[in-house]
Amino acid sequence: MSNPLLEIKNLKTSFRIGEEYYAAVDDVSLNVNENEVLAIVGESGSGKSALAFSVMGLHNRAKIEGEINFKGRNIANIPTKEMNKFRGNELSMIFQDPLTALNPLMEVGRQIDEVLILHNKNMPKSKRKKYIIELLERVEIPRPQHVYNQFPHELSGGMRQRVIIAIAIANQPELLIADEPTTALDVTIQAQILDLIRELKDDLGSGVILITHDLGVVAEMADRVAVMYAGEIVEVADVDTLFSDPQHPYTRSLLSSIPLLDDVQDKLHVIHGIVPSLKNLPRTGCRFSSRIPWMDEDVHEENPELSEVSPGHFVRCTCYKHFYFPDENKEEQDHDTTKS
Amino acid sequence: MWKFIVRRLLITSPQIIFLSLLVFVLASFMPGDALTGAIGPDVKAERLAELREELGFNDPWYIQYKDWVAGILQGSLGESFQYKMDVEDLIWQRVINTFWLSLVSVIFIYAIGLPLGILSGRYNDTLLDQLITGYTYIGFATPIFIFGLVALWIFGYILGWFPTGGSVDPGVESGSIEYILSKLQHLLLPGLSIALIGTVSTVQYLRSEIIDTKQKDFILTARAKGASERRVYNRHIFRNSILPIAAFFGYEIINLINGTIFIEQIFSYPGMGQLFLDSIVIRDYTVVTALVLLTGIGAIVGALLSDIILSLVDPRIRIK
Ligand SMILES: Nc1ncnc2c1ncn2[C@@H]1O[C@H](COP(=O)(O)OP(=O)(O)OP(=O)(O)O)[C@@H](O)[C@H]1O
Ligand SMILES: [Mg+2]
């Protein structure tokens, strides 16, 4: 396979709290290929947005270390002026909350127009308008001529998210980052928006980073999945492998906390607790160990690394080999022998 | 749009009626009546009683109120016993003087407030911001009459850059260029004094609006489009932050009424404020009542103006 579209190498994004810097994204390496949807899942606070913002260069007071190679060029820490040539053009982003992501004082048409003006200096106004109407049609907004002159508050949440998508795809981006694009929408609208994103991806052949904490969305949309916990990637696999053969305790608890309709499970396993705050994050050893206190201390690696358990399937820390849910009361020794 | 303005106007009329009632009631609580000061001490009590009866002072309050309102509607605000002239004639020239002073003050308020607010909001928590914020704190803490006095003393008396009283040099021909320049010269120092103190709320308000707008999600969207910092500020942050300031414009009128009362007195500027204080001191109640009514209406109109401006600039309020 040729070079990946996006190659993140040892990315570390740290925020300053008081006098110290604390990493919200810690040594993350990931690739995204063309025409591929990479889902990033993880609980609130695990660093998903911090990762996406790093790629877009949208953090204004963060320390970014490592490499973000986009089409072979490292765009980490490049000057804003340089970055602005990528943003909205080859690299674009859809945000979580459509209700606040549009300027309330600007007509919808003008907000889409802005991204055209910024990257197509020579496109005449009439042509831009025509193209914007096409875009609005493309994202399935009814009465685009009318909507062109409407203000955001006159549109529903779903419609606004379509407008935001129109802005994001206006310049046919090669990489589209969608940070929880449907979290703020109700279920039927969610499905429509996801369908739309997938169609657009197929049309444009773009790479997509889809951030979500909804495993249903992952199953439906993703080609590959990266599971993030406390700033680290704990497991990466293609979507089928991840669902059929999850390894890391965190992934397994995420999966087992979704109720299944056919009721094969007799019990939902819910991992208690939350992702610790940045300041209180354990920086050594297995970061997940505090969430599985019933497990032996020495099942964890001292310096857990991602290891490849099967081609393209990476898991962090050896604790996965021994993991069991507390109420099962039996160690999964068989697992241990088959996998290592 | 028009519907909104008409509706807003309709709300205004009960406000004005209420105001007039309030002013009327307060006036009736004032000691004495229009005759107390107007008539010499040698007039007999019986004659006074007769006069009172004749002038309707013994009528029930609603008749008196009705007569008063009817008078106002016909353009009569009563007679000033001090100046022995109709209040409306007395007030007219003063209103015009105060209007010019207010206009100059408003121009200074925005000329000073907008750039300072924008700078301190954009570069918040820098040294520049701290200096500007420091100025606003001092401005808040300084009473306007003290500031006006100090300004008058330094720039009027010590440095002699500005005239120390009046609204125009005596003897210049009305309507000539010199006349206008002289008027302007008389307006600058009092206008600046009002503005330097009066603008601090504009600065602080704009600053916090900008800081607030800066972290809105749609600013992220603008950055994600590839908009330059300059464009983000000019097209998105400033426009959205100035909106509430524009809406505040009408309320600024109320602010000005406060400012002019003291400043006119200090600069012996013949405006409404000066007349107001003088009239209170000598108990020229018809004048006081008329001025209170007038400034009250000014404040109501100011609020009305604010709402209309807001509805014009903010699409969310526009009603079709
Ligand atoms: N600008 C910032 N300054 C300081 N800390 C930050 C900043 N942005 C994020 N963080 C912290 O970094 C950690 C990761 O946050 P992030 O927003 O990336 O989480 P997330 O995975 O996107 O969560 P969610 O699902 O809630 O969106 C959190 O502990 C958060 O408090
Ligand atoms: Mg997030």
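Positions of Cβ are set from backbone N, Cα and C atoms, glycine also.
Where the annotation comes from TrEMBL, it is an automatic prediction and has not been curated.
Since we're looking at a predicted model, the values are computed, not measured.
Marked as domain 'ABC transmembrane type-1' by TrEMBL: B:95-306.
The annotation transmembrane segment is assigned in TrEMBL to B:99-119 (among others).
TrEMBL lists B:131-159 (among others) with the feature transmembrane segment.
The transmembrane segment annotation in TrEMBL covers B:187-206 (among others).
The transmembrane segment annotation in TrEMBL covers B:241-267 (among others).
Taken from TrEMBL, the feature transmembrane segment covers B:287-313 (among others). Long-range neighbours of the transmembrane segment (B:287-313) within the same chain, counting only residues 6 or more positions beyond its ends whose Cβ lies under 8 Å from a Cβ of the stretch, are 1, 4-5, 8-9, 12, 15-16, 19-20, 22-24, 26-27, 30, 72, 77-78, 80, 82, 87-88, 90-91, 95, 243, 246-254, 257, 272, 275-276, 279-280, 319.
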Message: Checking distant contacts: for the transmembrane segment (B:99-119), what same-chain residues at least six beyond its ends satisfy Cβ-Cβ under 8 A?
response: 128-129, 132, 135, 167, 183-184, 187-188, 190-192, 194-196, 198-200, 202-207, 209-210, 238, 242, 245, 252-253, 256, 259-260, 263-264, 269, 271
Query: Other than its close neighbours in sequence, what residues sit by the transmembrane segment (B:131-159), given a CB gap under 8 Å and a spacing of at least six beyond its ends?
result: 116, 119-120, 189-190, 192-194, 196-201, 203-204, 207, 258-259, 262-263, 265-267
Positions on the same chain near the transmembrane segment (B:187-206), where near means CB under 8 A and six or more residues out: 100-101, 104-114, 116-118, 120-121, 132-133, 135-136, 139-140, 142, 144, 147-148, 151-152, 155-156, 161-163, 167, 241-242, 244-245, 248, 252, 255-256, 259-260, 263-264, 266-267, 269
